[in-house]
Amino acid sequence: MCLAVICEDLPAEQQVQDPSYFHEEEERVPRCIKEEEENPEPPCIYENENEMPPDIKGEEEEEDVTMLPFNCVIVKVEGDDEDEGDGDHRKGSQADILAPQSDSDNTTSHSPDSDDERAKGDVTCHTDGKRWECSQCGKSFDAKYTLKVHMRTHTGEKPYSCSVCNLSFSVRSSLVNHMRTHTGEKRYTCSVCGKRFTQKGQLTTHTRIHTGEKPYLCSVCNVTFSLRSSLVKHMRIHTGEKPYACSVCNISFSIRSGLVRHSRKHTGEKPFACSLCGKRFTIKGSLITHTRTHTGEKPFVCSICNLSFIDHSGLLQHKRTHTGEKPFACSICGKTFSLKGNLTTHTRTHTGEKPFACSVCDLSFTDRSGLLKHMRTHTGEKEFSCSVCGQRFSQRGTMTRHSKRHTGEKPFSCSVCDKRFYDKYEIKKHKCTLANKTEINDAAGL
């Protein structure tokens with residue numbers, strides 16, 4: 001709606017008909033516009049409380065329009081099509097043209113309200129569509145109250161405080177949204193799936209899951225995103241920006257969650273606990289994957305052989321057995337591997353590193369599996385049993401070799417005498433025997 005401002009007892013010669021409302025050298029408030037009513041009501045009264053901006057209702061100390069340093073009447077103009085109550089965005093409203101009561105053009109009003117505004121930042125009144133301008137950043141607004149709220153971004157003022165947790169906010173609407181986190185109120189419902197949200201913005205973002213809308217486009221690679229924050233994070237891939245640095249080891253990360261996860265390596269914090277076995281994890285994703293070991297869920301299925309896996313990385317690794325891809329190459333000998341972990345273990349054969357040490361006998365190993373196998377020699381654990389005779393073994397490989405004695409399978413053949421054997425160990429012994437016989441025969445001159 002539109003508002004008209006009526007000035008009382010102002011001489012006709014002082015009424016300004018030209019839109020040049022202020023002097024260049026002094027901050028001025030526009031003088032007056034023509035009278036709209038002959039018998040104005042008491043000064044500075046809203047005709048309808050619903051016409052007040054929503055953030056101003058019930059807060060007289062924040063009512064910038066009503067606390068004018070002169071006598072005026074704000075009345076409703078007929079034929080207005082603006083929405084009522086939208087005090088922050090009234091475009092073309094006469095309410096922004098204010099007339100001070102003064103005796104001459106050289107007199108400036110010095111009410112407490114105007115003095116307070118000068119302390120917070122200069123306010124300039126313009127004659128175009130956006131009249132209220134911030135002197136600090138130049139941004140202009142069509143309502144004085146909107147400028148006042150904007151000034152809080154410069155001053156840091158947050159007058160709206162949560163009575164539960166003492167968080168403060170610069171605007172009342174933010175406090176209202178925040179309070180729903182305490183009350184549990186979820187007033188916004190998705191019309192597709194019925195999911196409820198505390199804030200309208202959350203619903204808008206969620207709706208894009210159903211519509212597939214991704215309005216945020218990367219200007220470099222044209223990838224689109226449903227969230228602006230996702231685009232900001234993605235852009236750091238191109239810029240190389242890593243604004244989140246670890247205070248302990250100075251490793252930097254492009255996203256805050258990466259730093260949070262990394263920091264737990266230093267603190268030892270494991271906030272995610274399995275409700276079934278109590279095992280704890282540093283990141284939620286690891287807990288989700290672990291839980292599938294209890295439930296048996298394997299949602300990642302190979303499209304070639306239908307084998308399923310508990311996580312996506314397991315599926316990717318498996319697919320390389322079909323494609324033969326070995327993307328990880330040793331920089332020393334050039335040997336390639338399908339898994340990065342296998343390359344890491346292999347590299348230790350060059351460096352001699354054996355980081356996995358036995359706590360009983362101090363033997364060390366290049367990988368964890370080697371240590372686990374060795375530990376069974378101390379514990380006497382034999383978890384692998386032969387399905388034919390029931391004999392138990394501490395290692396799977398030993399059981400496999402034993403089982404071939406029942407099946408009669410002899411996959412390893414000697415290249416000299418064509419004799420066949422159950423396993424590599426047997427054929428190595430055989431070759432050593434042949435080599436010794438050859439040496440003896442050579443020595444005897446046979």
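Heads up, the Cβ atoms here are built off N, Cα and C, so glycines get one too.
Unlike curated records, TrEMBL annotations are generated automatically.
Not measured: the values here are computed from a predicted model.
Feature annotation from TrEMBL assigns compositional bias 'Basic and acidic residues' to 21-34.
Positions annotated as compositional bias 'Acidic residues' by TrEMBL: 48-64.
For 101-111, the entry in TrEMBL reads compositional bias 'Polar residues'.
The domain 'C2H2-type' annotation in TrEMBL covers 132-159 (among others).
Broken down with DSSP, the domain 'C2H2-type' (160-187) shows 12 helix, 4 strand, 12 coil. Positions annotated as domain 'C2H2-type' by TrEMBL: 160-187 (among others).
According to TrEMBL, the feature domain 'C2H2-type' maps to 188-215 (among others). Remote same-chain partners of the domain 'C2H2-type' (188-215), defined as residues 6 or more beyond its termini with a Cβ less than 8 Å from a stretch Cβ, comprise 177, 180-181, 224-227.
Within the chain carrying the domain 'C2H2-type' (216-243), a Cβ under 8 angstroms from the stretch's Cβ atoms is held by residues 205, 208-209, 252-255, all 6 or more beyond its ends. If you look up TrEMBL, you'll see 216-243 (among others) marked as domain 'C2H2-type'.
The domain 'C2H2-type' feature in TrEMBL is assigned to 244-271 (among others). Confidence for the domain 'C2H2-type' (244-271), expressed as mean pLDDT, is 93.
Feature annotation from TrEMBL assigns domain 'C2H2-type' to 272-299 (among others). Beyond the domain 'C2H2-type' (272-299), the same-chain residues lying 6 or more positions past its ends with a Cβ under 8 Å from any Cβ of the stretch are 261, 264-265, 308-311.
Beyond the ends of the domain 'C2H2-type' (300-327), by six or more residues, the same chain brings 289, 292-293, 336-339 to within a C-beta distance below 8 angstroms of the stretch. Sequence annotations record features per position, and here TrEMBL assigns domain 'C2H2-type' to 300-327 (among others).
Sequence-distant contacts of the domain 'C2H2-type' (328-355), counting only residues of its own chain at least 6 positions beyond either end whose CB sits under 8 Å from a CB of the stretch, comprise 317, 320-321, 364-367. Feature annotation from TrEMBL assigns domain 'C2H2-type' to 328-355 (among others).
Annotation source TrEMBL lists domain 'C2H2-type' at 356-383 (among others). Long-range contacts of the domain 'C2H2-type' (356-383) within the same chain: residues 345, 348-349, 392-395, each at least 6 residues beyond the stretch ends and with a Cβ under 8 Å from a Cβ of the stretch.
Taken from TrEMBL, the feature domain 'C2H2-type' covers 384-411 (among others).
What TrEMBL records for 17-64 (among others) is region 'Disordered'.
Per TrEMBL, the feature region 'Disordered' maps to 80-122 (among others).
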Inquiry  = What does the DSSP secondary structure composition of the domain 'C2H2-type' (188-215) look like, as residue counts for helix, strand and coil?
reply    = 12 helix, 4 strand, 12 coil
